[in-house]
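So that you can see what the record holds, here are the features copied from TrEMBL:
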- Cys236-Cys238: disulfide bond (DISULFID)
- Cys269-Cys272: disulfide bond (DISULFID)
Amino acid sequence: MEDNLVRVLTSNQEVRALAVKSTEVVATAQELHQTSPVATAALGRALTGGLLMSNMELSGSEISLTIRGSGQLKKIIVNANQDGEVRGYVNNPQVETEINEQGKLDVAGAIGAGELVVEKDLGLKDPYRGQIPLVSGEIAEDLTYYFTNSEQIPSSVGLGVLVDKDLSVRAAGGFVIQVLPEASDETIDHLEKNIANLEEVSKIIDEGNGPQELLDKVLTGFDFEIIDEQDVKFKCKCDKDRIEEMILGLGEEELRETIEQEGQVEIRCQFCGKKYQFSEAEIEELLSEKADD
């Protein structure tokens, strides 16, 4: 079953929700970055959260999540867009894996205390930027806090990544539930009970369920209509033109020094690991074009 995302609205018009199966997305990230189990879980949750958040916005919007913490993972960066494309990386992908008191991967410990920064490019003059302190480092709880406090929308976020013994990704997915202003107390109480009794998201996905089946469980007792459905994938948007811009940002002195020492300039994309090599002649041409501008 391919990764996909669904967006729904309950028949009573009181709740909107999104859910995504992101197993292949997270598996691709794990293979590209060779992440340890706890880094896979942390990056996978962030990638899944990015996919959900980018599909809550206006058409053509892009979103960036940056998680900075005092733990060994240091920083996680995720970019996602409404086309269902996401990419991301973690600063320390081979961090040692530890288990918490519940016998689970200690994502919160690996992230530590810190902050979550959300940037949204909605096609306006300036992007929106929101920032909150991390409330737990578990990522789902942090996104829940972000929605409720920064965007003033009562929400619940669930994220899960199941890593197998061979370090591969068995299952990944997540959901966002948001209560609309006209929601009744009865609706809110019912949702809270559903979420309190919900199995782990990764277990639900591992049982062969997709995003619609996940929402069937989260929204038990509610009728809902699927508003939108689309495939999602890990996709990096790096290309040689973007890398050339990055290289010119290094400055002529640093470029010439690198050429003298290495014979070429090599740049590795942090998001996908692809390497770009530029010969001395190519660097000279870039510098010449910049001087002519």
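The backbone N, Cα and C atoms fix where each Cβ goes, glycine too.
Features recorded in TrEMBL, as mapped to the structure shown.
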| residue | record | CB count, 10 Å |
| --- | --- | --- |
| Cys236 | disulfide bond | 19 |
| Cys238 | disulfide bond | 18 |
| Cys269 | disulfide bond | 19 |
| Cys272 | disulfide bond | 18 |
Task: Spatial separation of Cys236 (disulfide bond) from Cys272 (disulfide bond) - C-alpha basis, Å - done: 6
Open item on the list: Roughly how many Å lie between the Cα atoms of Cys236 (disulfide bond) and Cys269 (disulfide bond), rounded to a whole value?
Closed with: 9
Task: Between Cys238 (disulfide bond) and Cys269 (disulfide bond), the C-alpha gap once rounded to whole angstrom - done: 7
